[in-house]
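The structure under discussion appears below in the form of structure tokens.
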Amino acid sequence: MPDIMPDDGLVLGLEGTAWNLSAALFGDDLVALHSSPYVPPKGGIHPREAAQHHASAMKEVVSRVLTEPERIRAVAFSQGPGLGPSLRTVATAARALSIALDVPLVGVNHCVAHVEIGRWATGFSDPIVLYASGANTQVLGYLNGRYRIFGETLDIGLGNGLDKFARSHDLPHPGGPAIERLAREGNYIELPYTVKGMDLAFSGLVSAAQESSAPLEDVCFGLQETAFAMCVEVTERALAHAGKDEVLLVGGVGANGRLQEMLRVMCEERGAAFAVPERTFLGDNGAMIAYTGKIMLEHGVVLPLDQSQIRPGYRADEVEVAWRTEPGEVFSIGPHEGGVARGAEAVVEIGEGNVIKRRTGKRYRYPALDRRLIAERTRAEARLIATARRAGVPTPVIRDITADTIVMERIKGEVLKYVTAPETIRLAGEAVGRLHGTGIVHGDLTTSNMIVRDGQCVLIDFGLASTSSEVESRGVDLHVFFQTLESTTENFQELKEAFVEGYTAVFPGAGEVLAREHEVELRGRYL
């Protein structure tokens, strides 16, 4: 739309969702950027104090970039997610500037802006995105007009977890750089590692690190190695599940050199491309709001003043991505009929009657952590597959087991992710209901780990499984599955209803578990 965004036009972007107030101008490239971060004298960020900082610094920050007001074609602002007081301060300023300059207002999702500035800065087109910041930790991918969330933190964001640990040891805010510096002098210590499918949980890890009596450098090393390995694992799982070939790291925690190194190694092993934007575009910044506002404006996405309320819980998957017209791809790699297949955690040799699943070492993980996970998961998988089968749950027959390898029956059928339909998803619901009825949670319920055969859905890949009759564990199990369906299908509600029908038909405790799953879903918000 050349009349809306002429060649010499600029978009003014205002970012202020949390601690950093930032303004930028974007045309064909970044023209100007100025920021004023709020640094608390002690402890963490207090929302009211951050908003007061933004209000007092707004005039100076905007005036530093707004040198040619006649060229402004729109004012973009971070509409959410974020801290309510900070969002309100920025939104008020954006509305005033929109009126004063007589230009449209564009409301930008903060999370999507991180992704879009990353795509612009790296040239990546359709990546799996690891978005790691203070309050947000998500794995995203694009499909048919929206960014879909493959997995996310179930409690606190990675950056906030690092800050919480840093405060407990009187380290400066933000805590990530200080932890990274101390970790260079440390040695590995074992800490809790919590991955649930493509979701993660950091609170137990952070609490254990805070309570550790080990030298601070060692705790920082163990904390980084554990938290980042969790992030890379779920990113690899999304990459393997979706069949994409690019990984993009965005968000403030993405500035950490060790996290970048681990992702780069993982991508090299998988033959995928990896990229991270320059540091300017990683933390919260006005450039990402201005750029995303620009491409939204070019596609006619503007916001009437009377609809410009802030959205503190605004999720990336709520945004209609009108500026991307391609459908996006998932499952571009077809099903394996034989030979060797590579999943996120293992190499699988598919024979005529047997499957040999061998867990391979991950070069991105610290060796001691890698050995521990391989041993624990191999033992647990074989034991729980056999236990579930004895209880009547459709699973493969276990033939043999070693320290890192399981030989099992080959299930000849269709992998569920290639044949998703209400009738097949109902079978999945029945299988999971029976599994939960035996006191086992799968831990990685995705459509990659289910095979439809002879009117049954066979459950495979029990590497993250555990024995539990807790409603919480079962609810998280279902949340992982529903998140997978929502991120990779267009008829999610219909499929979810079919799953619930099958699950409820065989499991008496289904109602309580489904209610808990909804609670878990609501936790996946800006924290």
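Quick reminder: no glycine exception, Cβ is built from N, Cα and C everywhere.
Bear in mind that the values here come from a model prediction, so they are computed numbers and not experimental data.
Marked as region 'Kae1' by Swiss-Prot: 1-323.
HIS110 (Fe cation binding site): 28 other CB atoms within 10 A of its CB, across all protein chains. Annotated Fe cation binding site per Swiss-Prot: HIS110, HIS114, TYR131, ASP284, in sequence order, evidence recorded as sequence analysis.
For ALA135 (L-threonylcarbamoyladenylate binding site), the Cβ neighbour count at a 10 Å cut-off comes to 21, with all displayed protein chains included. Residues annotated as L-threonylcarbamoyladenylate binding site in Swiss-Prot, with sequence analysis given as evidence: TYR131, ALA132, SER133, GLY134, ALA135, ASP163, GLY176, GLU180, ASN256.
Residues annotated as domain 'Protein kinase' in Swiss-Prot: 333-527.
Annotation comment: Swiss-Prot describes VAL340, ALA341, ARG342, GLY343, ALA344, GLU345, ALA346, VAL347, VAL348, LYS357 as ATP binding site, evidence class sequence analysis. A 10 Å cutoff on Cβ-Cβ distances gives VAL340 (ATP binding site) a total of 10 other Cβ atoms nearby, all chains included. Secondary structure from DSSP puts VAL340 (ATP binding site) in a beta strand.
Listed in sequence order, LYS196, GLY197, ARG237, ASP461, PHE462, GLY463, LEU464, ALA465, VAL480 are the same-chain residues at least 6 apart in sequence whose CB falls under 8 Å from the CB of ASP444 (active site, proton acceptor). Sequence annotations record features per position, and here Swiss-Prot assigns active site, proton acceptor to ASP444.
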Cα-Cα, whole number of Å: ALA135 (L-threonylcarbamoyladenylate binding site) versus ASP284 (Fe cation binding site)?
11
Tell me the Cα distance separating SER133 (L-threonylcarbamoyladenylate binding site) from HIS114 (Fe cation binding site), rounded to the nearest angstrom.
10
When the Cα-Cα distance from VAL340 (ATP binding site) is computed for each of the binding-site residues GLY176, ASN256, ASP284, which gives the smallest value?
ASN256
Farthest-apart CA atoms of VAL340, ALA341, ARG342, GLY343, ALA344, GLU345, ALA346, VAL347, VAL348, LYS357, residues recorded for ATP, distance in Å:
14
C-beta crowding around ASP284 (Fe cation binding site), within 10 angstroms:
25
What does DSSP call SER133 (L-threonylcarbamoyladenylate binding site) in the simple three-state scheme?
coil
